Amino acid sequence: MSNIKKRFTGSIVALITPMNEKGEIDHKCLKNLIEYHINSGTSGIVVGGTTGESATLNHKENIDIVLEAIDLANGRIDIIAGTGSNSTAEAISLTAGLKNSSVAGCLTVTPYYNKPPQEGLYQHFKAIAESTDIPQILYNVPGRTACDMSAETVARLSKIPNIVSLKDATGNLSRLTEMTHMIDRPDFSFLSGDDASGVDFIRLGGDGTISVTANIAAAQMSKMYALALEGKFDEAYQINEILLPLHKNLFAESNPIPVKWAAKKLNLIANDFLRLPLVQLSDKAQLIVHQALVNAKLI
């Protein structure tokens, strides 16, 4: 077994962006969330990703909130920046805005809407990686982007030194097995983007998660992944069984609508405001998410 350390492992949270009733970033709540995750054993925090409403953060806000999180964390936890775009030039520009920071890495999603072919995906991520020394995490989430990066393309990209990880949100566990056989690089980590199958993902060779559920069940997710990474799968599955209703029902409506409502319900944030075109959780879905919180023993 290699003793080379992987850069990203364990339970990493895809952090919500707290906002006040005017839609402005709530800096006090951001600080509280970061402290919550540090105290709960979370391995890292993704700021400005999909769950952080990156689509409605402007360029300056995106950079500023990452820098603020880095300052608040003060080296106590890894801060990872969501810097993806369907424009290669824009993704490079977002990444460049963090050049002199201590950001641990950048999470870069596959381009959405313009649907590039596999060679376009390769050239896109290659150009971003070659523009910076910051470690890069590829992010494949075809359910949102209508663009699916193949195992072969991931394997090609893994040969670029500062591309160090993949977040795979396909939920296709056979693809993980395929990639672990194709990628011969002991420092490359595979992260799940599907909370429900996360323990199975570890069992098949994965290294961790970038999680929505961890926003509101940080300690439970941290413990579950620590157990799984130690090979204590029976104990990890016991925790996962309790959290399964959350994994499912935090997607009762488009993410991050339900998780923001749940975070407010648990007093983790002061307001569940979202910027348009997202709107607050419907009354019907509130009942579903509330029951999931009860089942998960969070309330």
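The chain as shown is numbered from 1 upward.
Just so you know, glycine gets a Cβ as well, placed from its N, Cα and C.
Keep in mind that TrEMBL annotations are predicted by a computer and have not been checked by a curator.
Taken from TrEMBL, the feature site 'Part of a proton relay during catalysis' applies to Thr50, Tyr113. Per TrEMBL, the feature pyruvate binding site maps to Thr51, Ile210. Taken from TrEMBL, the feature site 'L-lysine inhibitor binding' covers Ala55, Asn86, Glu90, Tyr112. Look at TrEMBL and you will find Tyr139 tagged as active site, proton donor/acceptor. Feature annotation from TrEMBL assigns active site, schiff-base intermediate with substrate to Lys167.
Location within the structure of each feature annotated in TrEMBL.
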residue	record	DSSP (3 states)
Thr50	site 'Part of a proton relay during catalysis'	coil
Ala55	site 'L-lysine inhibitor binding'	helix
Asn86	site 'L-lysine inhibitor binding'	coil
Tyr112	site 'L-lysine inhibitor binding'	coil
Tyr139	active site, proton donor/acceptor	strand
Lys167	active site, schiff-base intermediate with substrate	strand
Ile210	pyruvate binding site	strand
Take the C-alpha atoms of Lys167 (active site, schiff-base intermediate with substrate) and Tyr139 (active site, proton donor/acceptor) and report the distance between them in angstrom, rounded. 5
Recorded positions listed as Thr50, Thr51, Asn86, least Cβ neighbours within 10 Å: Asn86
I need the most crowded of these recorded positions: Tyr112, Tyr113, Tyr139. Count other C-beta atoms within 10 angstroms of each C-beta and give me the top one. Tyr139
Near Ala55 (site 'L-lysine inhibitor binding'), which residues of its chain come within a Cβ-Cβ distance under 8 Å, counting only those 6 or more away in sequence? none
What is the total of other Cβ atoms whose distance to the Cβ of Ile210 (pyruvate binding site) is within 10 Å? 32
For Tyr112 (site 'L-lysine inhibitor binding'), which of the listed recorded positions (Thr51, Asn86, Glu90, Tyr139, Ile210) have their CA atom within 10 A of its CA? Asn86
